[in-house]
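Below is one structure, written out as structure tokens, with a few remarks after it.
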């Protein structure tokens with residue numbers, strides 16, 4: 001895994017003990033806080049095994065569903081879901097961290113719980129479908145970056161049975177249009193899959209990969225520029241060299257105030273994220 005964190009699984013029951021809200025996901029938080037000496041430190045808040053979900057609500061046609069978890073020394077996180085006749089979607093995410101937790105926030109100047117609220121970017125999902133997002137997603141606000149991955153969630157579960165159809169996030173669909181979510185620094189992943197074995201007569205990639213130019217923009221302003229040739233050396237049953245072809249590779253990602261993420265997709269099941 002990319003991050004050290006526990007998976008959270010919440011199964012909310014209604015009055016008849018049938019599942020009405022189900023979620024399983026992983027998340028962590030990067031928090032910048034001020035110390036008593038007026039400098040700033042970066043803290044990492046991970047979920048441990050002692051997670052509760054008090055206050056979670058099933059929801060109905062007139063009331064939003066609420067997925068709420070509590071963990072650590074006074075930290076909590078929640079997201080509410082609203083629905084129409086045909087869809088449901090995330091509404092707002094509320095995160096509270098407690099700087100009295102000296103193990104995470106040593107020498108914090110501001111003491112006590114601090115709450116931030118961000119708009120959930122989850123789009124509408126058909127009722128009885130499960131929303132799935134394996135790739136990382138980020139929310140950045142007020143010196144806090146919330147990071148999520150391996151997400152499975154279904155709100156307003158019908159008849160107590162989790163749906164069999166999946167609605168995947170755009171990050172899991174490489175052919176989708178680029179998006180510009182907030183990002184964090186120091187996340188580098190690379191994965192390579194091949195849909196079928198390469199023919200034994202296929203030519204080997206050239207030794208030196210072609211150099212490409214990859215860029216990200218905010219409006220008309222370029223916020224990230226990479227001039228690089230890339231070659232992957234993958235050890236599977238036998239070594240496999242893969243050159244990244246700039247002519248067939250698209251760049252996606254995002255720029256934040258203090259960090260940026262560059263995602264490359266060569267259109268042939270090879271994805272690299274810097």
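Any Cβ shown, glycine's included, is placed from N, Cα and C.
TrEMBL: automatically predicted annotations, no manual curation.
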Give the range, chosen from 169-188, 189-208, 209-228, that TrEMBL lists as region 'Disordered'. 189-208
When the domain 'Lysosome-associated membrane glycoprotein 2-like luminal' (209-274) is classified with DSSP, how many of its residues are helical, how many are strand and how many are coil? 3 helix, 43 strand, 20 coil
What is the Cβ neighbour count of residue 169 (disulfide bond) at a 10 Å cut-off, with all protein chains included? 20
